[in-house]
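Let me begin by presenting the structure, written as C-alpha cells, before commenting on it.
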C-alpha cells in the first residue's frame, strides 16, 4: 500500500472516529443534562480531560506511544488557551440565546479562514469558499431559531470565536512545527487544559446555573452517565487532535457542522425531539456544501501532489556539473554563498 493511500485511510479513520465519538457523547450528555439535571458542563469537561490524561498515561506506560517533550512554554500556553476557549463557549451559550450561540459557532469557519489567510498566507480557492458558504447557509437554516442580542453575550461570543480559532490553528501548527503526533501533543497539553477548567469550572457553572456542583446529589444513575461520558471523551479529545493534525482547522469545523446535523437527526429519531421541514431543508443544503467541500479539497490535493511529482521528476534547469562549474572559474565558496540567502529567508519565516 502506498504512502498516499495509507494517509487517506488514516484521515478517513480519524474523521469517522471523530463523528461517531462526538455524536455519542452529545447523546450521553443530553441524557445527563436534560433528563438527570446535571447541568455543570464546564466542570464535566475538566473531568473529561483528567480521564483522558490518565488514559494516555496508562498508554504511555504500556509503550503504546513515545513521549516526546518539546517547548514547555508553547505547550502551557496552548493548553491554557484551549481551556479558556471551552469556558468562553460555555459562557456564550449561557448569556446568549440558542440561535445566537449557533451563529457564534458558524462564525468560527470564516474567522479561521481569515486568520490563516492573514498570518499564514494560506489561499482558499473560490470553489472551496463557495462550498463553505453553502454549508454555513444550510447549517444556519437548520439550527438558528432566534437572534436575541445583548452586549455582554456578544462580547463573550467574540472572544470565544477568536480563542477557539487560534487554539485550533495552534493544534495544526504545533504538530507540524515540532513534528509531534496528536497523541503526544494531547498528552502534554491535557494537564494544563484540565487544571484551567477545574479551577474556573465550578465558578462558571455556579454563575450559569445558580447551583453548586459539589452539593449536587450524585445518584448511581448520574454517576454511570458521568463515567460513560468521561470514557467517550477520551475518543473525542484524541480524534479532535488527530483530525486537525491530519487535515486542517477549517476541515475540522466543517466536520463539526456535520456532527450538528447528525445530532439533530439522531435527536429526532431516537429522542423524538421537535423537528420541522426547515430543519430537513437546512440539513440537506448543509450536506451539499460538505460534499462539495470534500470534493474540491480532494481535487486540489491531487493537483498539488501531481505538481510535486512533476517537479521532482524534472531535472533542475540551473543545475550544472560541479566539474564544469570549476572549469568555468566558479569555486566551492561561490556555491555556498549563493545558497546562503535561501537558507536565511527560510529561517526568518520560521522565526
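Cβ from N, Cα, C; glycine included.
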The annotated transmembrane segment range in TrEMBL, which must be one of 114-131, 132-149, 186-203:
132-149
Among the residue ranges 257-276, 277-296, I'd like the one that TrEMBL describes as transmembrane segment.
277-296
Do the transmembrane segment (12-33) and the transmembrane segment (224-245) come close, with at least three CB pairs under 8 A (pairs 6 or more apart in sequence)?
yes
Looking only at residues six or more beyond either end of the transmembrane segment (74-93), which have a C-beta under 8 A from one in the stretch?
41-42, 45, 101, 104, 153, 156-157, 159-160, 163-164, 166-167, 170-171, 174, 178, 185, 188-197, 200-201, 204, 208
